[in-house]
Amino acid sequence: MHLCLLSLLLLLMGGNGLCQQEEVCSKSVINTCNDCIRSGPYCVWCQQLNFTKAGEQEAARCDTRAQLIARGCKTKEIISPHNSQIINQDNPLSSSFKQQEAVQLRPQKISLKLRPGLSTKFNISFKRVQGYPVDLYYLMDLSYSMQDDLENVKGLGQRLFAALKNITAHAQIGFGAFVDKTVLPYTNTNEGKLRKPCDENYQQCQAAFGYRHVLSMTPREDDFRNEVNRQFISGNLDSPEGSLDAMIQAAVCGDKIGWRNSSTRLIVLTTDAGFHMAGDGKLAGILEPNDEKCHMDNNLYTKSSEMDYPSVGQLAMQLEKNNIQPIFAVTKNMETVYKQLSKMIPKSEVGVLSHDSNNVVQLIESAYNRLSSKVTVTHDNLPEKVKVVYTPICTNPGPARDSEGVCDNVHVGQEIAFEVTVTAHSCMENQSFTIRPLGIKETLTVSLSTNCECQCEDPSDSNHTHCNRKGGVSCGICSCHDGFVGQFCKCAIGDKDERTLQASCQRQNGTECEGRGDCVCGRCKCHTTESGKSYHGDFCECDDDHCEKFQNKLCGGNGECNCGKCDCNEGYEGSACQCKKSQRDCQTLNNTVCFGRGTCQCDHCQCKEGYQRPHCKLCLGCPDPCQTKQNCIECLGFDSGPFKKNCSLACSKTIFHMMVDQFTIATKQCQHKDSEGCWIKFKMDQLFGEEYSAEILKQRDCPEPPSVIAIIGGSIASVALIGIVLLMLIKMLIHMRDLKEFKKFEDEKKKSKWAKAENPLYQDATTTVANPTFTGE
């Protein structure tokens, strides 16, 4: 009974991680001490001479410390690089801020030399300094809906400064304003509306703008009050505003805003609307992405109408990079939106404004307390294959994570710590990364390199007796002179060079002897396996230990493993000899095996491609035999078609046909138009393998030949009819034209007016002649 309880207790202790993790060395291809060290964190190397036997692979020198000692390696002969750390700078933490550079994080610089895969731990300490400076930048939405809020902010200075004085004696305040991009569809681009975007009844209205920096950081309350009093409301068209544009400019334009190097930096964003983000600029034809750079001229954001809004990721990165902590003071209807935004921006808070922003001071004060009491430690520029885990050591710790460590409810002057676990999973040189608390300027620089080389104490004799005086010793292995090779440099290579000999031991330019033997004078001398057997083959490529298993037995216990494949005993088959030979379940009703369209393996049909199990009878993906066999059917049944000349050779061996008057096969009917234009009807049934039985109707459906007389007569009648119709059509067109001309003549005749006159061409038939000499007497 007591023994059972003790066993249960030990099991629970092991399950809770109280038992030490077993050290394992997973060896791969090991040729040198350096290969061993790089193969795993618990792999060590024995440099002891004569530790390996003749013909034994030098990889046997690589194992865990316990295994090597058990095999007779002396402790002093074991090579195992260790982790090391050096603290390069460790200034003590400051207790208060007294106009000098305060220290809130220690140490400041540390150097690590790590074994790949082996973790190391160190602690960092943090303490909030009493009276640490605060820089607060008040960033306000000046769209028309914030009219009442602006009036309250104009009287906010005294209360805001008083609240900051309770936190620190070194406080500064700045002010900025934003609306939105001054392009459609965000803002009315009518010239008058750009100058005065507010309602006509509202006289004090400033021109439309994107973001304007109003007041740089100042400790003077009067400056804040005077500059804010000069501000007036503006306006735009849509509900979302350009708040992200304003925030990223306030973050990256540090020299213009006036951020101090040693200060807690806060941006208080007050708004009653949502925000535009990256991609929204396409609505206005703005395609250039935000470049995260400062573009301020005369305190105005000059690229507002040329550059897209920043993404939330870009904003979060710049706020973190510049140690700025945002406080979103928003109305109740926007609380959910900005809480979702806050989840994506580290070290940010959301507070709900009253309808006229009267509670903004209390909101800022409570948000600051929440931000400053939560210490979050994380890292930047982490090299590849490096893992860092933070374990908080404080009163209210968060969970241990590999991305950040969190301590909550940290008071001013309270010292906390974090245990940092660093693991490098590959070899590297002169890498570094920084660890820092979010929102704090101070950082810890971690310089990192790895220990991937063996520092062996080799004898100075270059003609060592261990190597038959033909080479020196390097970490217990012979390094032979030119012209000699082998484990103990016994093989003289003669006329051939060493590369040629080594190439003869490589299969397809691969590893020498597959890493399972030694190349001795151009031939592979294979090592023994862990089970005591030998590798075999010209290149030691074969072993008899790694065949497929069945029921945890090699080759199912029904065969022998030979070069990775099972040779099954009589009566067994399968890749692991797991099946007794049988064809019972492969037999079909017509006494065939898998219908000749597959093989029977392990009493199951392995069908050819397309044929369906269990008996390979149907082929869902095969071509329709009505199409593939139609030419054979034509030549077999009616001695015509493309296969007419070699029908017996091409078709008679795969199709057994019968000419019938009626079908007896219960399959679908096929129909094919032959080379003579007749329709052939037939049915096919697939027999064994690729053979078919076919029934062909004797009677073909041939169309009657056309009547030549009818065709000729019809053609002549059609031509005559067409001619008559054309003549009638032409006559009708001429008649219609004559009618039109006559009607026109009649109309002109009615409009004419005739006058009486004598035709000048008319000559009277009577001629009167006067005698010139007649006097009348």
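Keep in mind that glycine also has a Cβ here, set from the backbone N, Cα and C atoms.
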Checklist entry - Cys568, Cys579: which one closes the disulfide with Cys577 in TrEMBL? => result Cys568
Item to check | Those residues of the chain, 6+ apart, with a Cβ under 8 Å from that of Cys586 (disulfide bond) | outcome: Val593, Cys594, Cys600, Asp603, His604, Cys605, His615
Next on the checklist: Show me the subset of Cys36, Cys427, Cys521, Cys632 whose Cα is within 10 Å of Cys505 (disulfide bond); these are the disulfide-bonded residues I mean.
Outcome noted: Cys521
Checklist outcome for this item: Neighbouring CB atoms within 10 angstroms of the CB of Cys521 (disulfide bond), all protein chains considered, total 16
Checklist outcome for this item: The number of other Cβ atoms within 10 Å of the Cβ of Cys555 (disulfide bond), counted over all protein chains shown, is 25
Checklist outcome for this item: Model confidence for the domain 'SRCR' (361-490), as mean pLDDT, reads 88
Checklist outcome for this item: Spatial hits near Cys632 (disulfide bond) (Cα distance within 10 Å) out of the disulfide-bonded residues Cys205, Cys542, Cys547, Cys555, Cys602, Cys647 come to Cys647
Next on the checklist: Spatially, and counting Cα to Cα, which of the disulfide-bonded residues is closest to Cys491 (disulfide bond)? Options: Cys73, Cys198, Cys294, Cys427, Cys619.
Outcome noted: Cys73
Checklist outcome for this item: disulfide-bonded residues Cys547, Cys619, Cys622 vs Cys647 (disulfide bond), shortest C-alpha separation belongs to Cys622
Checklist entry - When you measure from the Cβ of Cys547 (disulfide bond), how many other Cβ atoms are you left with inside 10 Å? => result 22
Next on the checklist: Using the alpha carbons only, what distance in Å do you get between Cys73 (disulfide bond) and Cys205 (disulfide bond) once rounded?
Outcome noted: 89
